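Swiss-Prot annotations:
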BINDING   35-40, 60-64, Asp86, Lys182, 208-214  NADP(+) binding site
BINDING   Arg60, Arg88, Phe118, Ser126, Phe127, Asn128, Arg219  substrate binding site
MOD_RES   Ala2  N-acetylalanine
MOD_RES   Lys64  N6-acetyllysine
MOD_RES   Lys151  N6-acetyllysine
MOD_RES   Ser287  phosphoserine
MOD_RES   Lys291  N6-acetyllysine
Amino acid sequence: MAQPPPDVEGDDCLPEYHHLFCPDLLQDKVAFITGGGSGIGFRIAEIFMRHGCHTVIVGRSLQKVTTAAKKLVAATGKRCLPLSMDVRVPPEVMTAVDQALQEFGKINILINCAAGNFLCPASALSFNAFKTVVDIDTIGTFNVSSVLYKKFFRDHGGVIVNITATLSMRGQVLQLHAGAAKAAVDAMTRHLAVEWGPQNIRVNSLAPGAISGTEGLRRLRGSNASSKLKHFSNPIPRLGTKTEIAHSVLYLASPLASYVSGIVLVVDGGSWMTFPNGIKQLLEFESFSAKL
C-alpha cells in the first residue's frame, strides 16, 4: 500500500516537501482561503504556495492568521496576506475581498474552509447551536462566494472549492447540524456550477474523512484518536493527512481539473462506507478515546 506523504500534527509548515505535481502548477495565481490560519486550511495554503500561488488567509483572529502567514512566507517564499473576517458578516467579507484585490489585483481561487462542529444528539441540540453551524458552514460559504463573484469572478472567471464532509452521504448519528449544513453546501456547489459555469467559473466540493492533526478530529474524538482507528475497519486502515487533502484540493483548483465542475470529491479512504453509525458505538469510541 502506498505510504501517505509526510505531514506534521500541528499548524506548522512541512520541514521538507517533494513535489508530486509540477512546482509551477499555480504560478502567480492568488487564492483566497477562509479558515486558512489552521488545520486543513493552513496546509492548503502551504501546498498552494509551494506550487507558485500567493494566498490570502482569513479568520476571525487576526493574531492567529498573522502568525500563520509568517510561517507560510518563511517556508515558501511566496506572498501571504492575513486578514481578519467573520464569514457570517457580509460587510466584513466585502472589506476583506476589497483588501485582497487592492493587494494583489486579482483573486483566481476561492477555498471555503471555515467551519464549526461538535458531537450532539439531535434531541439535545439547541436552536442556537444548530443555527450557529449553519451560519458558519452554509451561510458563510454563500456570503464569500457571492461577494467574490460580484467583485471579481463574474468578469474574470475563477475556481471555487468548498470543503464539506461525508456526513450526509448516509446519515450520521450525533451530526445532524453539521451534516445538514454541509449537505446544503454540496447542493450549493451543484447549483453554482450550473449557473456560473458559462462565466468560466468552476465550482466543486471536497469531502474529507477523519484527518489527523486537525482541531476537528481532536474535538470529535479526543486527543489520541489515531490510536483508536485500528478498532474500526476502514478500507484504508489509517487516518488521512492534511497534506493528502491539500493535494486533492490542489488538483481541483488547478488546470488539471479544467473540465471538472459540480462534483463532490470524497477523500476519506472509503471510511464513509464502513465507519460505525450507532450511538452506542460512537459513545464507546468517545469513552475509549477519553481514557487514552
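Each residue, glycine too, has its Cβ placed from N, Cα and C.
Overlay of Swiss-Prot annotations on the structure.
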{"residue": "Arg60", "record": "NADP(+) binding site", "Cβ contacts under 8 Å, 6 or more apart": "Ser84, Met85, Asp86"}
{"residue": "Gln63", "record": "NADP(+) binding site", "Cβ contacts under 8 Å, 6 or more apart": "none"}
{"residue": "Arg88", "record": "substrate binding site", "Cβ contacts under 8 Å, 6 or more apart": "Asp135, Ile136, Ile139, Gly140, Asn143"}
{"residue": "Ser126", "record": "substrate binding site", "Cβ contacts under 8 Å, 6 or more apart": "none"}
{"residue": "Phe127", "record": "substrate binding site", "Cβ contacts under 8 Å, 6 or more apart": "none"}
{"residue": "Asn128", "record": "substrate binding site", "Cβ contacts under 8 Å, 6 or more apart": "none"}
{"residue": "Lys151", "record": "N6-acetyllysine", "Cβ contacts under 8 Å, 6 or more apart": "Met94, Val97, Asp98, Leu101"}
{"residue": "Lys182", "record": "NADP(+) binding site", "Cβ contacts under 8 Å, 6 or more apart": "Asp137, Thr138, Thr164, Ala165, Leu167, Ser168, Ala207"}
{"residue": "Gly213", "record": "NADP(+) binding site", "Cβ contacts under 8 Å, 6 or more apart": "Asp7, Val8, Glu9, Gly10, Gly39, Thr241, Lys242"}
Gly35 (NADP(+) binding site) and Lys64 (N6-acetyllysine), distance between Cα atoms, whole Å: 10
The one of Gly35, Ser38, Phe118, Ala210 whose CB sees the fewest other CB atoms within 10 Å, among these binding-site residues: Phe118
Spatially closest candidate among Gly35, Ser38, Ala210, the listed binding-site residues, to Phe118 (substrate binding site) (Cα to Cα): Ala210
